[in-house]
Amino acid sequence: MESDIEGLPSSPSSLVSHKMKQADSLDVEAMCIPGIAQHEHKGMSNKLILQLAFQSIGVVYGDLGTSPLYVFSSTFYHGSISNTDDVLGALSLIIYTMILIPLVKYIFIVLQANDNGEGGTFALYSLICRHARVSPSHRQQHEWPAAHDSAPTTLTIGSDTRRGIRAAYIKEQIENSSFWQNVLLLTVLIGTCLVIGDGCLTPAISVLSAIEGIIVEAARIPQYVAILLTVVVLMAIFSVQKFGTGKVGFMFAPVVSIWFLSIAAIGIYNIFKYNATIFRALNPLYIVAYFQRNKKDAWISLGGIVLCITGTEAMFADLGHFTMKSIQIAFTALVFPSLLAAYMGQAAFLMKNHTDLDAQYTFYRSIPRAVYWPMFVVATAAAVVASQAMISATFSMIRSAMALGCFPRVTVIHTSRKYHGQIYIPEINWLLMVLSICIVAGFRSTNDIGNAYGIAVVGVFFISTCLLTLIMVMIWQKHILICLGFFVIWGTVEGVYFSSVLSKVDQGGWVPLAIASSFLLVMYAWHYGTELKYLFEVQHTIPMDWILGLGSSLGMARVPGIGLVYTQLPQGVPAIFAHFITNLPAIHSILVFVCVRNLPVSSVAPEDRILIQRVGPRQYRMYRCAVRYGYIDNVGHGCDENFGDLLVESLARFIRTEAGVSGTCSSNVREVDEMGDGARGISSRTLGDDEDSLNAEQELAYLYEARAAAGIVYLLGYSEVHCKQDTSFLKKLLIDVYSYLRRNCRTSELYLRIPHSRLLKVGMTYYV
């Protein structure tokens with residue numbers, strides 16, 4: 001089978017090689033452009049890396065950096081401390097937890113598992129799906145880089161044959177089992193939803209814990225004042241998100257940098273003032289003694305200790321906003337040593353004053369009085385910034401979920417022309433604001449919010465460990481002992497922490513579970529409905545025999561004009577086209593089936609934007625078109641006059657190229673029959689032997705006349721998805737949720753900004 005394709009190469013030999021590809025090669029070619037940018041920012045200067053590292057301090061590390069505000073208060077939840085060795089045991093747990101999870105696991109291992117520079121749970125999922133040849137959604141081939149843009153989709157057995165065989169076996173099991181594919185999808189969706197729940201809790205606990213400093217120094221101020229101030233600050237935080245991560249990062253980075261330097265200085269001061277022997281906590285035997293002495297209370301206190309690593313997931317989830325090197329530099333050079341000094345300083349203060357004070361508000365009580373109010377201002381400002389880490393991470397997660405067909409279409413605004421990952425999603429931004437304010441108003445206490453906080457944090461850690469283990473075995477092909485060691489060590493640590501935070505479900509831990517469950521229902525229902533709709537369209541693709549039987553007029557009047565029929569199918573004539581033909585008395589003289597592709601590059605040059613392929617015989621005047629956009633390109637077909645000119649010129653160039661390669665009189669051209677089960681050749685003929693054939697000059701003249709006579713009309717199908725009568729309750733629930741979301745999310749005409757005067761829609765009902 002052959003197909004005539006206009007690609008990027010200009011030489012005749014290249015064009016001939018394109019002509020010999022499969023008909024669905026347009027879908028492959030649409031994902032490739034010269035010099036496609038990888039998100040690793042290769043060749044980036046050291047100056048720019050340091051600049052991004054400085055920005056990441058304000059965007060990524062605010063949440064992790066403000067943990068000293070509430071960790072010891074949440075750890076010693078019962079108030080008084082009877083034994084100073086308990087402080088050493090808790091501090092030792094904090095130190096080694098920070099070493100194991102943020103430093104070793106995330107900085108040195110997890111960041112390596114990025115997907116073309118993108119991070120987060122969905123990046124791990126996308127990486128696994130591409131290597132295992134598992135398509136998470138038909139949308140992946142539309143909006144994500146093709147497999148050849150990053151790692152190969154087929155595994156190569158290396159020097160260790162056993163590793164290659166093991167990897168191939170796991171890959172085969174995933175490819176051939178719908179059960180494991182669903183388990184993998186649900187695992188990823190749960191992890192993503194927990195991150196979103198974390199994004200609601202982080203602003204609430206960070207800001208409230210800082211504002212509570214007023215109560216510590218001015219005890220006569222009532223609690224509700226702190227609550228009201230927290231609400232005002234939260235509203236301000238979410239209001240500035242529209243300015244973008246870059247601007248927010250440059251505004252926030254100095255604040256967080258001052259915060260880290262301040263807590264480090266105060267920590268060092270407290271160490272030498274109260275107890276210089278606090279370094280004994282580096283001995284892990286204090287952890288063993290802590291559990292032997294306190295037993296169940298020690299296990300419950302893990303729910304407070306785990307808060308020292310809240311915000312760690314942001315390092316990976318926000319990776320697309322920065323680079324791996326910039327995040328590594330910021331953490332190892334400033335964040336990690338500053339946090340160690342801060343926790344050691346607070347522990348030294350508690351060891352000296354444990355008989356006089358309880359552990360509540362440990363951070364503020366350990367501040368020297370001479371710098372209390374300046375530090376309160378810095379802490380409040382840092383808490384404001386802390387919210388940014390998980391807000392940005394939530395934006396990245398939602399964008400990734402949309403790209404994989406697991407979230408309804410929402411507005412994604414790219415706020416930087418330099419860095420692809422810096423985005424703003426208004427709908428999610430305001431939803432997070434409402435949820436954060438409700439959490440503050442409902443709990444009214446940092447300790448109570450802390451009970452809810454840990455479940456989301458540890459759940460994400462454990463899911464990332466499971467996915468990364470699979471990547472190590474199947475993609476990286478590490479030695480089995482390394483893979484097992486990684487899973488056992490980090491899985492055990494995170495499992496113990498998770499068992500502790502689950503004990504606080506009735507104390508507020510149900511909140512992130514409720515938020516995550518709501519988002520999980522939305523995401524799974526959207527994915528499920530999208531897949532069923534897509535499968536329906538594939539199964540009901542119009543056979544080319546039927547179209548050929550209608551004749552070149554398609555059984556109706558062909559009026560002047562160019563009609564663009566939008567479809568998500570990478571090949572084949574969609575079923576909605578038959579609905580157009582059945583319900584309309586006439587159709588345009590030139591028809592173009594348009595697929596929109598979003599590529600992981602900043603911008604696509606106009607000359608590379610459109611790829612053309614012929615559908616059916618020449619006299620039918622039907623084409624397939626892939627329109628490609630970068631992440632900062634303006635997608636607005638209806639309001640962009642240049643798009644119409646570019647489309648017509650691309651069609652004209654395709655017609656000329658086709659005539660130049662195949663010849664208009666003697667070369668054989670095989671038309672394309674694009675059926676649902678793949679494209680196949682219908683007939684082979686000589687153009688010069690068919691009286692109805694149009695030569696290139698006539699076809700070009702016809703094209704320009706159609707554009708001048710009636711312009712371009714946009715033909716969109718509006719489909720509703722309903723369940724059959726014998727459908728199970730669960731399937732009906734998911735489809736009903738999907739239909740509701742589809743009616744209320746951004747429509748195609750809004751996304752493409754098509755004016756109503758140029759829009760023609762035909763409804764269709766799918767029964768699945």
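Positions of Cβ are set from backbone N, Cα and C atoms, glycine also.
Lifted from TrEMBL, the feature list:
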DOMAIN    52-547  domain 'K+ potassium transporter integral membrane'
DOMAIN    560-766  domain 'K+ potassium transporter C-terminal'
TRANSMEM  48-67  transmembrane segment
TRANSMEM  87-108  transmembrane segment
TRANSMEM  183-209  transmembrane segment
TRANSMEM  221-240  transmembrane segment
TRANSMEM  252-272  transmembrane segment
TRANSMEM  298-317  transmembrane segment
TRANSMEM  329-351  transmembrane segment
TRANSMEM  371-395  transmembrane segment
TRANSMEM  428-446  transmembrane segment
TRANSMEM  452-473  transmembrane segment
TRANSMEM  480-498  transmembrane segment
TRANSMEM  510-526  transmembrane segment
Selection from 48-67, 221-240, 428-446, the stretch that has most Cβ pairs under 8 A to the transmembrane segment (298-317)
48-67
What residues in the same chain, six or more past the boundaries of the transmembrane segment (510-526), come closer than 8 Å to it by Cβ-Cβ distance?
185-186, 189-190, 192-194, 196-198, 200-201, 401, 405-408, 435, 439, 452-453, 455-456, 459, 733-735, 737-738, 741
Under 8 Å, at least three CB pairs between the transmembrane segment (221-240) and the transmembrane segment (252-272) (pairs 6 or more apart)?
no
Here the stretch out of 183-209, 252-272, 329-351, 428-446, 452-473 with the most C-beta pairs under 8 Å to the transmembrane segment (48-67) is 252-272
For the transmembrane segment (371-395), what are the same-chain contacts with Cβ under 8 Å, counting residues 6+ beyond its ends?
58-66, 69, 120, 195-196, 198-199, 202-203, 206-207, 209-211, 213-214, 217, 233-234, 236-238, 241, 245, 248-249, 252, 255-256, 258-259, 262, 266, 311, 313-314, 317-318, 321, 363-364, 423-425, 428-429, 432, 436
Non-local residues, at least 6 beyond the ends, that sit with Cβ under 8 Å of the transmembrane segment (428-446):
69-70, 73-74, 199-201, 203-205, 207-209, 212, 223, 227, 230-231, 234-235, 237-238, 241-242, 387, 391, 394-395, 398, 410, 452, 508, 511, 515
Return the average pLDDT for the domain 'K+ potassium transporter C-terminal' (560-766) as a whole number.
74
Short question: which residues 6 or more past the ends of the transmembrane segment (480-498) have a Cβ under 8 Å from it?
97, 100-101, 105, 109, 163, 166, 302-303, 306, 454-455, 458-459, 461-462, 465-466, 468-469, 472-473
